[in-house]
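Below: one structure, written as structure tokens.
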Amino acid sequence: MTKAGTTVAAAPSPAAVRLPRRRGVELALIVVAVLLCVYGYCAVGLARSGTVPPGAAHYGAGLGVLALLAHCAVRLRAPYADPLLLPIAVLLNGLGLVLIYRLDLETPHDQAAPAQLNWSTLGVALFIAAVVWLRDHRVLQRYAYVSVAGALGLLALPILFPAVNGARIWIRVAGFSLQPGEFAKVLLAVFFASYLAANRNALAYAGRRVWRFNRLQLPTGRVLGPIVAIWLLSVGVLVLERDLGTSLLFFGLFVILLYVATGRTGWIAVGLMLAVAGAVAVGRLEPHVHSRVEDWLHPFASIEAGRGPNQIAQSLFAFAAGGVLGTGLGLGHSILIGFAAKSDFILATAGEELGLAGLSAIFLLYALLVERGYRAGLALRDPFGRLLAIGLASIIALQVFVIAGGVTGLIPLTGMAMPFLAQGGSSVITNWIIVALLIRISDSARSQYDGTRAP
Amino acid sequence: MTKYIHRAAALSAFLFLALLVNAARIQVFQAGTYDDSPANRRGAIARWSQPRGDIVVGDRAVTGSRDTGEQLRHERTYGNGPLYAHITGFASQMYGSTLLEHTEDAVLAGTDPMMSLLPAWNDVTRSRTPGGRVVTTLVPAAQRAAYTGLRNRRGAVAALEPTTGRVLALVSTPSYDPGELSGNGSAAAMAWARLNGDPARPMLNRAIRQTYPPGSTFKVVTAAAALDSGAVRSLDAKTRSPAPYTLPGTRTSLSNEAKGCENASLRYAFEWSCNTVFAKLGADVGLNRMRSTARNFGFNDSGLRIPFGVAPSNFDTSMDRAQLALSSIGQYNTRATPLQMAMVTAAVANGGSVMAPHLVDRTTTSIGATLQERGPRTRRLAMTPATAAELRELMTDVVRKGTGANAAIPGATVGGKTGTAQHGVGNSGTPYAWFISWAHADDAMEPAVAVAVVVEDADADRGEISGGGDAAPIARAVMKAVLKKAAADGRR
């Protein structure tokens with residue numbers, strides 16, 4: 001971080017300062033990340049059967065090759081990229097595979113790890129493709145309206161498919177379950193960044209002041225249109241697909257980007273009011289959402305009613321069983337959570353088997369990923385790139401908060417994948433694309449300060 | 001814009017901080033509460049993750065464990081469930097545990113802090129101490145004799161070693177197979193419902209948890225009080241007692257089944273079980289003396305553990321003289337568990353000392369290192385040794401020429417007392433047949449066994465004979481089994 005700071009300070013003197021590219025650091029960190037994951041994989045086997053799992057070498061080699069290919073792509077096509085982004089993604093993805101493999105041992109008839117490894121491979125392939133072919137992130141600005149059309153289409157698609165576990169967010173194609181809402185996140189971030197970069201002056205300086213000496217300045221009705229449209233979209237997602245998490249994510253993303261683009265607290269006020277109004281109305285009217293709120297307020301109500309612990313209670317038990325240092329990989333009983341233990345509730349396994357120590361490490365990894373995204377945004381000069389970086393980083397932050405807060409009882413639970421950790425192909429692919437875009441943006445951000453670089 | 005980006009970053013930082021603080025709240029501060037929640041299955045998973053230690057009778061384990069491969073992995077099995085059900089109790093994954101499985105749980109489950117040399121080391125390696133063994137004092141042959149003797153009748157047998165208080169046999173029928181309750185499936189739930197709904201109450205341990213009117217067997221206690229207090233100075237002296245006897249302060253007249261009870265000597269009255277003589281003796285001895293003697297034999301003691309709790313036997317502590325007279329012949333509110341009556345007869349055999357009855361000889365770790373060993377302990381002195389000797393003489397007479405002839409064993413001195421207890425509205429129920437006895441091999445230094453038998457649905461008419469007819473042969477079989485074992489041990 002200090003390095004980046006000094007380079008920013010050194011930037012004004014255009015003398016031929018060669019900016020360190022730090023690809024060697026990235027490679028070393030990737031090796032550490034892969035070794036940590038292989039160690040975790042072996043620890044599961046040693047704890048469960050006393051032997052190193054037979055697939056350990058295979059697994060380590062697979063993860064290592066994927067990480068190396070991604071590294072080579074970055075080295076060739078984005079040599080100035082932030083060296084922390086890729087190792088963090090590899091570590092989180094590898095740790096997720098370890099946790100899913102570990103939970104597979106409890107469900108011999110439902111093996112999720114092999115599929116997850118395939119999805120990860122596909123994710124890394126798309127990462128490489130994005131890094132190789134997308135030479136400049138500003139290209140994306142041209143496709144703003146294509147993006148929003150695509151996003152809306154993807155969001156509308158699951159309505160045609162039957163609901164799964166109360167939520168209508170999956171589509172089934174050729175035996176694969178996909179969650180189009182995951183891909184829509186990236187497209188919407190592109191659209192928001194593009195729309196706000198183009199219209200931010202109009203949004204920032206039109207409007208009327210509500211209180212004379214107050215900075216609260218409400219936007220005029222004409223420019224209020226888009227925000228209301230997005231709000232309606234979120235509520236539509238919520239009502240039609242019963243997906244509280246995605247709706248919360250979209251809305252939060254939009255409000256953050258709007259604020260960053262315009263600096264107007266009035267937007268925040270309007271946004272929060274609309275969000276509260278929508279949440280209260282839906283919480284009252286929609287039984288699926290209402291029960292989630294009840295479970296959050298009274299996680300042990302089902303136990304007191306004699307119906308045994310519900311998923312939230314089981315999740316809290318799992319975290320509690322972990323304590324500070326955890327039970328050790330392979331030795332917990334988070335499988336008691338039952339349904340969605342490998343996806344939405346994967347963090348409970350981390351919390352039980354790695355303890356508060358491991359959980360804190362995971363949170364810090366996410367926080368670091370988000371911080372690197374923000375830093376890339378800060379270093380850029382074009383508004384679109386800035387907003388896109390902030391948007392992508394905020395998606396990760398909001399998503400981690402919504403699902404981690406949900407499974408630890410901080411906020412009502414909403415079904416959402418823990419980025420990289422949780423089982424789910426769409427999620428893993430999307431997250432690799434997000435990291436690819438952040439790599440591209442950070443490469444642009446840092447390369448502009450390299451005096452030796454050809455213009 | 002930069003300023004706003006910083007603020008947005010601060011928001012993200014705040015979100016992560018909230019997650020960390022909340023995680024610490026659950027994993028550190030709330031962890032204890034959540035871990036101890038009865039709805040949290042982790043306790044049960046850990047408990048059943050290893051085979052449970054065994055309960056040993058003779059030299060053989062009567063329990064076992066079965067690896068089910070399920071979440072609650074090891075399930076309890078019982079080698080001869082019904083025979084030892086009222087010793088072991090059950091250890092169920094759904095319904096908790098009872099009797100030895102319950103009181104000795106810490107040893108059997110390996111959680112007793114004494115069992116691990118380095119508890120901190122177990123915490124580090126996350127290993128559990130293997131379950132230990134509980135070695136009982138039972139004599140398998142005596143237990144089998146009692147169980148087969150009762151066959152399919154309702155009743156109970158308690159046998160003690162008089163000099164030590166070791167429980168040699170403890171049987172209650174009908175019995176049940178505790179293995180049926182071990183698991184956590186629907187079979188266990190059905191067995192639980194069936195056993196609880198059974199009117200014969202097979203899960204009731206009649207030997208220790210059911211009190212019966214002791215009837216004439218209580219005359220041993222009354223005789224001890226009379227001899228100790230000096231109310232009777234000689235076994236052969238005539239007592240001044242009318243027959244029939246009008247209860248003091250009432251017009252109720254008490255009569256006898258036997259003849260010749262008027263002014264009968266204590267020897268005659270004991271041998272032929274004269275109600276009139278003993279009712280009057282009780283009234284003459286007085287409430288204080290009767291109460292303290294009963295107390296010294298173990299009545300009204302709610303703290304007895306063998307190691308599981310024994311229901312207190314009752315001798316009322318405030319009564320008028322008529323009630324005292326009836327109580328002194330084992331009627332009115334006098335009630336006793338079979339184990340209590342075994343303690344009474346054991347005290348007679350043991351020179352007046354009541355030894356604390358106990359069922360667990362020792363507990364060991366899985367590799368056999370002794371954790372705790374239980375030696376003989378005197379509970380109380382119920383009577384003087386001289387009185388005990390006189391009572392032995394009376395009880396021997398009962399077996400030699402009185403109502404207990406069915407209990408005689410060649411090569412041993414046997415003393416006994418029969419009893420019949422009527423119950424139900426207007427005494428309409430089938431009477432309970434009692435027999436209490438002790439046996440002393442002719443070539444041994446000490447008495448080998450004291451036993452109490454009660455048969456609930458004795459198929460005889462309401463005479464003293466039912467105690468001798470139904471219960472005495474069972475007592476005899478138990479005593480023979482113990483004598484045979486003692487002789488074999490002596491030769492060894």
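Using the three backbone atoms N, Cα and C, a Cβ is placed for every residue, glycine included.
The structure displayed is predicted, hence computed values, not measured ones.
Taken from TrEMBL, the feature transmembrane segment applies to A:27-47, A:59-77, A:84-103, A:115-134, A:143-163, A:183-202, A:223-240, A:252-282, A:316-339, A:345-366, A:387-411, A:417-439.
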Any chance you could find the range in A:27-47, A:143-163, A:316-339, A:345-366, A:417-439 with the most Cβ pairs under 8 Å to the transmembrane segment (A:84-103)?
A:27-47
Against which stretches of its own chain does the transmembrane segment (A:345-366) lie, if we need a Cβ under 8 Å and a gap of at least six residues from its ends?
88, 91-92, 95-96, 99-100, 102-103, 311, 314-315, 318-319, 321-334, 337, 396-397, 400, 403-404, 407-408, 418-419, 421-423
With pairs 6 or more apart in sequence, are the transmembrane segment (A:27-47) and the transmembrane segment (A:316-339) linked by at least 3 Cβ pairs under 8 Å?
yes
When each of A:143-163, A:252-282, A:316-339 is checked against the transmembrane segment (A:183-202) for Cβ pairs under 8 Å, which one has the most?
A:143-163
